[in-house]
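Enquirer: My questions all concern the structure below.
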Amino acid sequence: GIVVYQSPGDIGQYTHEFDGDEWFYVDLDKKETVWMLPEFGQLTSFDPQGGLQNIATGKHNLGGWTKRSNFTPATNEAPQATVFPKSPVLLGQPNTLICFVDNIFPPVINITWLRNSKSVTDGVYETSFLVNRDHSFHKLSYLTFIPSDDDIYDCKVEHWGLDEPVLKHWEPEIPAPMSELTETVVCALGLSVGLVGIVVGTIFIIQGLRSGGTSRPPGPL
């Protein structure tokens, strides 16, 4: 399992990952195991007390590690955020927006959703901190929504490594309506192509009739 504990704030986390994806985490407030997919909990089990004990051990060791480092604070890295839909966007069809925040260190961050500049809390879910190979972290925040051409969305990221909150904007890309001039040009091109096809077809028919007439054997006198 992955244990994270830091101060100030007494912030801790215990998670298990498989192939880069979160398998389960221990809810520290409810003191229970939360599976990412309910089916996992039917196949196996994990005693949340094991996770709580690991966090307590991390808390105990943190003081010694801090002294060994001569109380040198960790370097705050600036996280990077990207927003994208889970599925191709169709107006009026339920979908999910994903805010992927990478290069998080230390693992303390606030991720919030805004719709038309107003905070949104319904339909929001986020993962625990997931570990990268360079020992930084990443996290995903999800927002279920129904796309509308009247709504715009922002993923707001706040972190110690940022001078100010970062907003990652997203809105549905709706094709611009075709102008009357464009429609006229398209119709004219279609008509021209059709006329050319008729003329070429007529020429081929005439040539075919002529070649057929010259090759016909003469009849009896």
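Along the chain as shown, the residues are counted starting at 1.
Note that Cβ sites are derived from N, Cα and C of the backbone, with glycine treated the same way.
OK, Swiss-Prot features for this one:
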type	residues	note
TOPO_DOM	1-183	topological domain 'Extracellular'
REGION	1-76	region 'Alpha-1'
REGION	77-170	region 'Alpha-2'
DOMAIN	79-171	domain 'Ig-like C1-type'
DISULFID	CYS99-CYS155	disulfide bond
CARBOHYD	ASN110	N-linked glycosylation site
REGION	171-183	region 'Connecting peptide'
TRANSMEM	184-209	transmembrane segment
TOPO_DOM	210-221	topological domain 'Cytoplasmic'
Enquirer: Determine, to the nearest whole angstrom, how far the Cα atom of CYS99 (disulfide bond) is from the Cα atom of ASN110 (N-linked glycosylation site).
Expert: 12
Enquirer: Calculate the per-residue pLDDT averaged over the topological domain 'Cytoplasmic' (210-221) and state the result as an integer.
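Expert: Averaged over the topological domain 'Cytoplasmic' (210-221), per-residue pLDDT gives 48.
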Enquirer: Using DSSP, how many residues in the domain 'Ig-like C1-type' (79-171) fall into helix, strand and coil?
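Expert: Tallied per class, the domain 'Ig-like C1-type' (79-171) gives 0 helix, 51 strand, 42 coil.
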Enquirer: Count the Cβ atoms, other than its own, that fall within 10 Å of the Cβ of CYS99 (disulfide bond), considering every protein chain shown.
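Expert: Looking across every protein chain shown, the total is 25.
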Enquirer: Return the residues near the residue listed as 'N-linked glycosylation site' by Cβ distance under 8 Å, restricted to its own chain and a separation of at least 6 in sequence.
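Expert: The answer is LYS156, VAL157, GLU158, HIS159.
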Enquirer: Which ones in the same chain are close to CYS155 (disulfide bond), with CB under 8 Å and 6+ residues apart in sequence?
Expert: ALA81, VAL83, LEU97, CYS99, ILE111, THR112, TRP113, LEU114, SER141, LEU167, LYS168, TRP170
